[in-house]
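These notes concern the structure reproduced below.
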Amino acid sequence: MNIFRLLGDLSHLLAIIILLLKIWKTRSCAGISGKSQILFAIVYTTRYLDLLTTYISAYNTFMKIIFIATSYTTVFLMYVKFKATYDHNHDTFRIEFLILPTSLLALLINHEFTIIEILWTFSIYLESVAILPQLFLVSKTGEAESITSHYLFALGCYRGLYLLNWVYRYYAENYYELIAIVAGLVQTILYCDFFYLYITKVLKGKKLQLPA
Amino acid sequence: HPHYPFKDEL
């Protein structure tokens with residue numbers, strides 16, 4: 001464990017908490033893509049199957065369980081409890097366009113052709129694009145509430161910090177995991193445009209509004 | 001070196 005990975009995990013946790021608190025306090029999930037949240041639930045479920053087979057550390061187990069539990073909680077809040085506030089008219093990204101290609105890629109490019117390994121690889125590929133429905137929703141409505149922006153920013157920081165973690169591990173531990181690194185790079189790049197808007201607008205107290 | 005299959009990251 002290094003500082004980049006710890007901070008990355010914590011900003012990931014922060015993002016999830018921000019989202020859950022926003023939905024709970026405002027009793028509304030307006031502006032949030034349920035499609036992205038479903039994809040994240042799929043990501044954690046398929047990646048953390050190793051909870052059943054491998055023990056790494058108490059920290060690792062605890063965080064995995066938290067990520068799985070909170071992702072299902074978010075999906076439940078959006079599709080059941082606060083269903084009436086869900087923005088389904090704008091949340092129209094077709095998730096099969098992400099699930100099918102990432103499944104295919106996982107079958108083609110993986111470390112080992114076993115069920116658990118292919119599901120892990122699929123989860124890495126899917127996570128790299130899982131935020132697209134959310135970014136699509138923001139671009140469709142042309143704006144995001146600042147709380148939604150903070151959520152996206154924390155999530156983007158998590159990916160950025162993981163990149164630093166991999167650089168660190170490459171030099172310090174001679175460790176690298178190419179599938180995760182390439183997918184992580186793609187994922188971080190997807191946030192760049194948003195980062196720019198966040199820093200130039202939201203941090204100056206303005207609402208995140210896309211140029212017309 | 002500690003490469004695959006040791007997956008300790010989240």
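Cβ coordinates come from backbone N, Cα and C, glycine included.
In TrEMBL, annotation is done automatically, which means it is predicted and not curated.
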Among ranges A:20-37, A:92-109, whichever one TrEMBL labels transmembrane segment: A:92-109
Chain residues in Cβ proximity to the transmembrane segment (A:150-172) (below 8 Å; excluding those fewer than six residues from its ends, i.e. six or more beyond): 2, 4-5, 7-9, 11-12, 14-15, 18-19, 22, 131, 134-135, 138, 144, 180-181, 184-185, 187-188, 191, 194-195, 198, 202
Beyond the flanks of the transmembrane segment (A:178-199) by at least 6 residues, Cβ under 8 Å: 109-111, 121, 124-125, 127-129, 131-132, 135, 138, 149, 152-153, 155-156, 159-160, 162-163, 166, 208, 210
